[in-house]
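Visitor: Pasting in a structure now, in structure tokens, and then I'll have a few things to ask.
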Amino acid sequence: MVETDGREEQPNQSSTMKTTKIFGLITNSIFLGLGTSGGPLVMRLYFIHGGKRIWLSSFLETAGFPVMLIPLSISYIHQRCNKTTNSEKPKLISMELYLFLASAIVGILTGLDDYLYAYGVSLLPVSTFSLIQASHLSFTAVFAFLLVKQKFTAYSVNSIVLLTIAAVVLALRSSGDRPHGESTGKYIVGFLMIVAAAALYGFVLPLVELVYKKTKQHITYSLVMEIQFVMCFFATFFCTIGMIINNDFKVIPREARDYELGETKYYYVLVWSAMMWQFFFLGAIGVIFCASSLLSGIIIAVFLPVTEVLAVILYKENFEAEKGVALVLSLWGFASYFYGEIKQEWKRNKNHRLNTEQAQCPPLSLIP
């Protein structure tokens, strides 16, 4: 009877874990979608109405990390309350030294990426840099192949080619959507900064997945939040040094007084920018935990056209033929990748079923 009960509980436990993981993936995908669209829109709002501090904008991309203390505290209290008599006492900080150092390195790279991205956003319309940013999926795929042995298919290669061509189409028309009063040279610099930011973040996502694979610790969602906290702390520290060197802290009160939307709304914009970007980073590493770095990159890429459309509606940005072509190529690339992934998943499931059936039905020659 005991053995029978154990066999009955195992599928239920597996089903519960699968349901929890699916719920986590959906939740983190929503966070990632909010951050992908909301972060750049609020950041661009800062620059449109008189903001000029690039280091401040990059600082805000990770400065909301103290908010992570709330879910971390809730998780710790939950573990304490559910601790059985024989179970190990939960630790306030479960991260080991290797994982801390790896998270710190990734955090510094993230801080550099924040600066490159903020620099590009300060010079380009949202609808333009969103399409350029879509090229990060190509970089993510390449680095995922190199770091975590992600396999390529004809569909993923096709997706990479299409997204690259989309970025080239935008580069060929450098004057079509250049903001009023901005030189061609600054526009090109902004373009290159966004490409560099896309490449660096395309490296960071698989690097996080590699850290998950190499650590000897059991990765839980609570530990994922600790990793996020350390990463954002070091990214914010990196940008804080830049702010100090650039005297941004001294300039903020004066910039707030001169802000076109008013001093109060200036600080609202800063706070909302920090919150939206925190959604982005929490969602990104959460999706990596629940699935893979490549899926995280795909979700970011999927929401970029949404960001572009919102920018055209909210900020009245121009939508030239080149952007239309780039958007169609980007959507084609996304569709190609998704179709390839669905086909691969169907093939894996079919092979798994065949292997299971063969294991359950031995060859006739072996049956006495």
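First residue shown is number 1, and so on along the chain.
In case you wondered, yes, glycine gets a Cβ from its N, Cα and C as well.
Because TrEMBL annotations are produced automatically, they should be read as predictions rather than curated entries.
Dumping what TrEMBL says about this protein:
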- 22-48: transmembrane segment (TRANSMEM)
- 54-77: transmembrane segment (TRANSMEM)
- 97-117: transmembrane segment (TRANSMEM)
- 129-148: transmembrane segment (TRANSMEM)
- 155-175: transmembrane segment (TRANSMEM)
- 187-211: transmembrane segment (TRANSMEM)
- 223-246: transmembrane segment (TRANSMEM)
- 266-289: transmembrane segment (TRANSMEM)
- 294-315: transmembrane segment (TRANSMEM)
- 321-340: transmembrane segment (TRANSMEM)
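Could you give the neighbours, burial and distances for every feature on this list?
Guide: Taking Cβ pairs closer than 8 Å, the transmembrane segment (22-48) reaches residues 57, 60-61, 118, 121-122, 125-126, 129-130, 221, 269-270, 272-273, 276-284, 286-287, 289-291, 296, 299-300, 303-304, 306-307, 310-311, 314-315 in its own chain, all 6 or more past its ends.
Remote same-chain partners of the transmembrane segment (97-117), defined as residues 6 or more beyond its termini with a Cβ less than 8 Å from a stretch Cβ, comprise 54-55, 58-59, 61-62, 193-194, 196-197, 200-201, 203-204, 207-208, 211, 214-217, 223, 227, 230-239, 242, 281.
A Cβ distance under 8 Å defines the sequence-distant neighbours of the transmembrane segment (129-148), meaning residues of its chain 6+ beyond its ends; these are 40, 120-121, 156, 159-160, 163-164, 166-167, 170, 190-191, 194-195, 197-199, 201-203, 205-207, 209-210, 213, 292-294, 296-298, 300-301, 304-305, 307-308, 311, 323, 326-327, 330, 333, 337.
Here the transmembrane segment (187-211) has Cβ contacts under 8 Å with residues 99, 102-103, 106, 109-110, 112-113, 116-117, 119-124, 129, 132-144, 146-148, 150, 167, 170-171, 174-175, 178, 227, 284-285, 288, 292-294, 296-297 of the same chain, all six or more residues outside its ends.
The list of residues near the transmembrane segment (294-315) in space but at least 6 beyond its ends in sequence, with Cβ under 8 angstroms from a Cβ of it, reads 29, 32-33, 36-37, 40-41, 44, 48, 125-127, 130-131, 133-134, 136-137, 140-141, 144, 150, 163, 202, 205-206, 283-285, 287-288, 323, 327, 330-331, 333-334, 337-338.
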Visitor: Which stretch, 54-77, 266-289, 321-340, tops the Cβ pairs under 8 Å count with the transmembrane segment (223-246)?
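Guide: Between the stretches 54-77, 266-289, 321-340, 54-77 has the largest tally.
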Visitor: With a Cβ cut-off under 8 Å, give me the same-chain residues at least six positions beyond the ends of the transmembrane segment (54-77) that come close to it.
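Guide: Long-range Cβ neighbours of the transmembrane segment (54-77): 39, 43, 46-47, 90, 92, 107, 110-111, 114-115, 117-119, 121-122, 221-222, 225-226, 228-229, 231-233, 235-236, 239-240, 242-243, 246, 248, 252, 270, 273-275, 277-278, 281-282.
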